[in-house]
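K.L.:
First, the structure itself, so that you have it in front of you.
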Amino acid sequence: MAVTSHHMIPVMVVLMSACLATAGPEPSTRCELSPINASHPVQALMESFTVLSGCASRGTTGLPREVHVLNLRSTDQGPGQRQREVTLHLNPIASVHTHHKPIVFLLNSPQPLVWHLKTERLAAGVPRLFLVSEGSVVQFPSGNFSLTAETEERNFPQENEHLLRWAQKEYGAVTSFTELKIARNIYIKVGEDQVFPPTCNIGKNFLSLNYLAEYLQPKAAEGCVLPSQPHEKEVHIIELITPSSNPYSAFQVDIIVDIRPAQEDPEVVKNLVLILKCKKSVNWVIKSFDVKGNLKVIAPNSIGFGKESERSMTMTKLVRDDIPSTQENLMKWALDNGYRPVTSYTMAPVANRFHLRLENNEEMRDEEVHTIPPELRILLDPDHPPALDNPLFPGEGSPNGGLPFPFPDIPRRGWKEGEDRIPRPKQPIVPSVQLLPDHREPEEVQGGVDIALSVKCDHEKMVVAVDKDSFQTNGYSGMELTLLDPSCKAKMNGTHFVLESPLNGCGTRHRRSTPDGVVYYNSIVVQAPSPGDSSGWPDGYEDLESGDNGFPGDGDEGETAPLSRAGVVVFNCSLRQLRNPSGFQGQLDGNATFNMELYNTDLFLVPSPGVFSVAENEHVYVEVSVTKADQDLGFAIQTCFLSPYSNPDRMSDYTIIENICPKDDSVKFYSSKRVHFPIPHAEVDKKRFSFLFKSVFNTSLLFLHCELTLCSRKKGSLKLPRCVTPDDACTSLDATMIWTMMQNKKTFTKPLAVVLQVDYKENVPSTKDSSPIPPPPPQIFHGLDTLTVMGIAFAAFVIGALLTGALWYIYSHTGETARRQQVPTSPPASENSSAAHSIGSTQSTPCSSSSTA
């Protein structure tokens, strides 16, 4: 029996490991969105090019050398975040193929910098002089460029006008002058153009494609990393809502996807699949550096690749029009088309650049254990017994209400990010979304805190255990642990520090990730104990006092900055919602029903049944409505567009309304009254508008797609965006509202039959009529239309009346004259001829009848 028991233990461990690997749904389908952080493989950014001021001239045309001045200004970053390297890209202007003229560069900066030069089409053997500020250096590209290039340090004037006059006095004239904030990349095109003015006069609104600085701003996004075994093939899905926050932008935008290794040293070899989706008209530009292997890019938009030097991978592209939107549909589409396993999904509301950083295969194999849920990893490590087997003291946290999104920003004093990480924005574009780690795996190393932890949660509480050895061996002995609420302090057993939080207390926040899933967030705060506490960790299960100051900033910053906060570790836990957790409301639209109808006239009386027929330059009248019980609940028409496709995910250029703002000049809104139902607390809100149809598609069947979204008339709502008018939406709508509207939208589609305009309209069948039109007889002569016939009949009537009147006038005047001339009834035969002549003469000349008589 002893032998049997001895062999049963590894068998049980193997079975438990198998259960861990196979329990639950397939890894490829378990994607619950959460705000991404720096550890996410895909980062969303907004790239912009701008300068502060500057000028350009052709004043150096007759001089032996060009003179280009760069006057850099400090950024708003703190002293510890100052940039120390700038890459200066030099290439000729468009009218010059290869630049041969000597150049002088004045590179003035408020701090010492390392200038990295990257040149294109600049002839070798040409003298070039670089004047830099004190302490700065210039690193030249490899080759013969450095043989004729010199660097000198100078003490420059700081003001623009003083520096410009100094350069003009020194060299006679200036080719270009550019003032800009320090940037990682500066692009200068050298050369002289005759269209430039003769002198350089600095202007604030200096806009030129020849002199630009590149700035990258991180953008908030949501995503997930799906757990899977390390594999040389990776599938990454990126969904972009809009490339620009400007609602009036209608130009095609280049979206750059930059692919590089996550670490510089090891070589990365991957077979990569990118599935890219954006409803807007964009051009995806793919660039890869220092990554070998094959890359396949799939998108419904146009796809391009970088230059030869920007294509380290073998790239192929495939344009597919059937790629859907939303996370669930995209994941299903990828699996149905054989693109598996899906590695990550990323959704960004606004961005024009994405950075994809790939891990080395060997490093991924070392972290293979991380694919197992964190709360169960301890079972695979026999050296560390389960920390949660020991009894815990009941939590002392005082619930604070458990408010849903947004949760307050976590101060990160002393946060030290690696140089390879993207700096976090001070105020994210989406205030309600913080850049947090992926919810599937707690961030073990973040903000300089290197500790091992595991998270376990149920439908009542969340428990996080921190390994004591890893905590103390990394130099945190004497520090203490709390949750966001400083009153929720850690307990300690023999091997772990344990922190426990109810789902609606200790600063825990939550948000809905899927219809039946909720993600809960909190943070471990590592800080120095208050002066009244003893140093070192107590033995047994003694509470760890957090001190008086739970967060930095409460005391003197100069004294407490090194010790008051060693760091913050963000952790989270996902739950399938079996019942409503405390303080969590149900679906916002559970009691709201949308509807959309099309009408023939602006009276909006009877909706058109079936397919709505429309001709060129005819109005389409649209009514959308919502039936709801909450009087503070409103709705908005987020987007309406016409498309030849029935799938609303396939965007077209015929946009009528975009983000509540009318895009078509013919859009007209109509007022409507709110209708109250006899049912208690039920009412219908309606919105009506019309637009003039223009036939831009060569097809007889079109589809009107409208996305409706819920909004709140009550200020301060955390669940829904504030209701705005179309006029306000055109000027004040930001990415925050767009992000929130996407979570509560409903799409309606109505078919439209395009009919041709003909002269014989009474013979053209129309679906607008409520009664069916019988087919015409087989042999019918199509004559004039009704209006023409009525016009002719009326004209004939008028002509007949005029003729009758004229005849009556003639008859009335000639009849009286004849009656006044009495002729004998039986004249003598001798007088007959004379009388007849007299009468004939009288009738022929009525004016002379009186004299004759």
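Even glycines carry a Cβ here, placed using N, Cα and C.
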K.L.:
Quick one: which of C640, C661, C847 does Swiss-Prot link to C730 by a disulfide?
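P.N.:
Partner cysteine, according to Swiss-Prot: C661.
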K.L.:
Look at the disulfide annotations in Swiss-Prot and name the partner of C55 from this list: C19, C200, C224.
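P.N.:
That record, Swiss-Prot, gives the partner as C200.
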K.L.:
Which one of N698, N832 gets the tag N-linked glycosylation site in Swiss-Prot?
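P.N.:
Going through N698, N832 one by one, Swiss-Prot flags N698 as N-linked glycosylation site.
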K.L.:
Counting across all protein chains present, how many other Cβ atoms fall within 10 Å of the Cβ of N572 (N-linked glycosylation site)?
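P.N.:
By my count, 27.
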K.L.:
Say you check the Cα of N493 (N-linked glycosylation site) against those of the disulfide-bonded residues C55, C200, C640, C723; which is nearest?
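P.N.:
Of all the candidates listed, C723 is nearest in space.
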K.L.:
Of all the recorded positions given, namely N37, C55, N144, N572, which is spatially nearest to C640 (disulfide bond) at the Cα level?
P.N.:
N37
K.L.:
Identify which of the disulfide-bonded residues C640, C661, C711, C730 has its Cβ surrounded by the largest number of other Cβ atoms within 10 Å, counting every protein chain shown.
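P.N.:
Most Cβ neighbours within 10 Å: C640.
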K.L.:
By CA distance, which of the recorded positions (N144, C200, N572, C706) lies nearest to C661 (disulfide bond)?
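P.N.:
That would be C706, nearest by Cα distance.
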K.L.:
Of all the recorded positions given, namely N37, N144, C711, which is spatially nearest to N698 (N-linked glycosylation site) at the Cα level?
P.N.:
C711
K.L.:
To the nearest Å, how far is the Cα of C730 (disulfide bond) from the Cα of C723 (disulfide bond)?
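P.N.:
One finds 13 Å between the Cα atoms of these residues.
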K.L.:
Please give the average pLDDT for the domain 'ZP' (456-730) in this predicted model.
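P.N.:
Summing pLDDT over the domain 'ZP' (456-730) and dividing by its length gives 73.
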K.L.:
My understanding is the cutoff is Cβ-Cβ under 8 Å with a sequence separation of 6 or more in the same chain; which residues meet that for C55 (disulfide bond)?
P.N.:
V174, S176, F177, P197, C200, N201, I202, G203, F206
